[in-house]
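Feature list (source: Swiss-Prot):
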SIGNAL    1-21  signal peptide
TOPO_DOM  45-55  topological domain 'Extracellular'
TOPO_DOM  84-97  topological domain 'Extracellular'
TOPO_DOM  116-150  topological domain 'Extracellular'
TOPO_DOM  158-165  topological domain 'Periplasmic'
TOPO_DOM  178-193  topological domain 'Extracellular'
TOPO_DOM  220-234  topological domain 'Extracellular'
TOPO_DOM  260-278  topological domain 'Extracellular'
TOPO_DOM  309-320  topological domain 'Extracellular'
TOPO_DOM  345-359  topological domain 'Extracellular'
TRANSMEM  22-27  transmembrane segment
TRANSMEM  29-44  transmembrane segment
TRANSMEM  56-68  transmembrane segment
TRANSMEM  109-115  transmembrane segment
TRANSMEM  151-157  transmembrane segment
TRANSMEM  166-177  transmembrane segment
TRANSMEM  194-204  transmembrane segment
TRANSMEM  207-219  transmembrane segment
TRANSMEM  248-259  transmembrane segment
TRANSMEM  295-308  transmembrane segment
TRANSMEM  321-332  transmembrane segment
TRANSMEM  360-369  transmembrane segment
Amino acid sequence: MKRNILAVVIPALLVAGTANAAEIFNKDGNKLDLYGKVDVRHQFADKRSSEDGDDSYARIGIKGETQISDQLTGFGRWEYNVKAKGTEAAVAESSTRLAFAGLKFANYGSLDYGRNYGVNYDVNAWTDVLPIFGGDAMAQTDNFMTGRSTGLLTYRNTDFFGLVDGLNFALQYQGQNSDRTKNKGRDTERSNGDGYGLSSTYDVGYGITVGGSYANSARTADQKEKVSDAYGKRAEAWNIGAKYDANNVYLAAMYGETRNMTRYTRTIADTDATLIANKTQNIELTAQYLFSDLGLKPSLAYVQSKGKDLTEGKGFNGDLVKYVSVGTYYYFNKNLSTYVDYKINLLKKDNELGVNARNVFGVGLTYQF
């Protein structure tokens, strides 16, 4: 009996992180769902890598909908994350991951504004499914439209106005976030000028989906003048990808490039400095298989980001990220799971950029609702 339940529940959990959210209100066209998880985790690594030790956190979110008419629906979502690795006396490492609201117009799509995922992540999300690591070749939080970011106005359309099944697209505008705006105080590397982006995915059938995205933004004055050797006026990113998800097999691939955008840490005179790469070429490959009767899902992935023209002479290329991830999930039931993940770093320990090249092993337990 337990095996039959797992065979049904586990695929549902893999579709979305809020698959088993608790419905706390549903009346007169108003609906409110609560979801969250507690993820207790410990990582083992060389002490010099700064990746050894506890990395536990808790996360909670609310999703709401209100039916305005038979053609118009309002919606909103808020998600908050709290790190649990510090002391009670320390300032809590907490942050708002998502906070947006909008309107959905039947088959004409939805329009929302707030803190949300950038359109470049629509494709990158397919490979960002590893137990601990992954998704870091190109996507970065508060880095234009490659990951979660602030000030995003997003239009999304499903099934191309109801005319083509499986053809989805999104258009996005991002307002400036810098010392010149109301939310000033952020690092130069996490600032952005006005920009736009678009993405499209198509469900071909037979478990196959393909997609791509493009984003182009103005850079702030500080980014052009003070950070690394990326002096271009515009920041650009694009990616293409594909995934296969059927018969308990999951395969995904993503290739993308960025210009004047990607943050990386480099050791200069024994001091770590955060810089912006002039150009990066990024690849992520993921393979997983779900043994649904056992509740076991092994995972294998390859992740690489190669920086191009990183020095003043514009002639030095070097890997910013390069590793293999070997791990697995084990699902006790729909609410409780455990996992292990081993990051085999393929960077040379004496690489010229001084990028962290240590292996990391992590293990954790997750309760989600």
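Glycine residues also receive a Cβ, built from the backbone N, Cα and C atoms like all the rest.
Looking only at the topological domain 'Extracellular' (345-359), the predicted model's pLDDT averages out at 84. Remark: the transmembrane segment (29-44) contacts the transmembrane segment (360-369), by the rule of 3 or more CB pairs under 8 A. Residues of the same chain lying 6 or more positions beyond the ends of the transmembrane segment (166-177) and with a Cβ under 8 Å from any Cβ of it are 118-119, 122, 142, 144-145, 149-160, 183, 186, 190-205, 209, 215, 217-218, 220. Break the topological domain 'Extracellular' (178-193) down by DSSP state and the numbers are 3 helix, 1 strand, 12 coil.
Note on the topological domain 'Extracellular' (345-359): residues 45-46, 48-51, 264-268, 272, 304, 307, 310, 316, 318-324 of its chain, located 6 or more positions outside it, place their CB under 8 angstroms from a CB of the stretch. Here the topological domain 'Extracellular' (116-150) has long-range neighbours at 14, 41, 43, 97-98, 100, 170-172, 174, 177, 183, 186, 189-190, 192, 195, 197-199, 201, 209, 211-213, 215, 217, 235, 237-243, 250, 252-254, 256, 258, 261-263, 280, 282-286, 288, 299, 301, 303-305, 321, 323, 325, 327-329, 339-341, 343, 360, 362, 364, meaning same-chain residues at least 6 beyond its ends whose C-beta is under 8 angstroms from one of its own. Note: the topological domain 'Periplasmic' (158-165) comprises 4 helix, 0 strand, 4 coil (DSSP; helix = H, G, I, strand = E, B).
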